[in-house]
Amino acid sequence: MQKIVLLGLAGALGSLARYGLAGLVQRAAPGSFPLGTFIVNVLGCLAFGFVWGVCENRISLHPDLRVVLLTGFMGAFTTFSTFTFESLGLMETGQWLAFALYAGGQLLLGLALLWLGLGTGRLV
């Protein structure tokens, strides 16, 4: 139960961090390009990689705390960091077809389903 509560709190903090940082960046650089989201996503990748790398090579972080940080905070901050981490795993193990299907499939299917959802939602 404690892990679930910590996961929820970390998720709330990640959401607030995403909202705050994306808004700050977008106000600093107004325009049609979603720079706030772009910055959040790439910084999320950096942070996810850093935490994973530190846990892998430097410190022994309790598995529950790793879940709270990576799934809770980073999952709410950006799911793009998880997507790129899993993509890199496929690339590093030479699973190029799986990587292409995973990365390309999410982008293309995601865009198609977003378009379908928008169209359906506009009809309701």
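Each residue, glycine too, has its Cβ placed from N, Cα and C.
For G75 (Na(+) binding site), the count of additional Cβ atoms within 10 Å of its Cβ stands at 21 [all protein chains shown]. What Swiss-Prot records for G75, T78 is Na(+) binding site.
If you look up Swiss-Prot, you'll see 4-24 (among others) marked as transmembrane segment, on the strength of sequence analysis. Distant neighbours of the transmembrane segment (4-24): 36-37, 39-40, 43, 64, 67-69, 71-78; these residues of the same chain sit at least 6 beyond its ends, with a Cβ under 8 Å from one of its Cβ atoms.
For 35-55 (among others), the entry in Swiss-Prot reads transmembrane segment. Using a Cβ-Cβ cut-off under 8 Å and counting only residues 6 or more beyond its ends in the same chain, the transmembrane segment (35-55) has close neighbours at 18, 21-26, 29, 61, 66, 69-70, 74, 77-78, 80-82, 84-85.
Among the features that Swiss-Prot reports, transmembrane segment is placed at 67-87 (among others), with the record citing sequence analysis.
Residues or ranges marked as transmembrane segment in Swiss-Prot (evidence: sequence analysis): 96-116 (among others). Remote same-chain partners of the transmembrane segment (96-116), defined as residues 6 or more beyond its termini with a Cβ less than 8 Å from a stretch Cβ, comprise 83, 86-87, 90.
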Could you tally the C-beta atoms, other than its own, that fall within 10 angstroms of the C-beta of T78 (Na(+) binding site)?
23
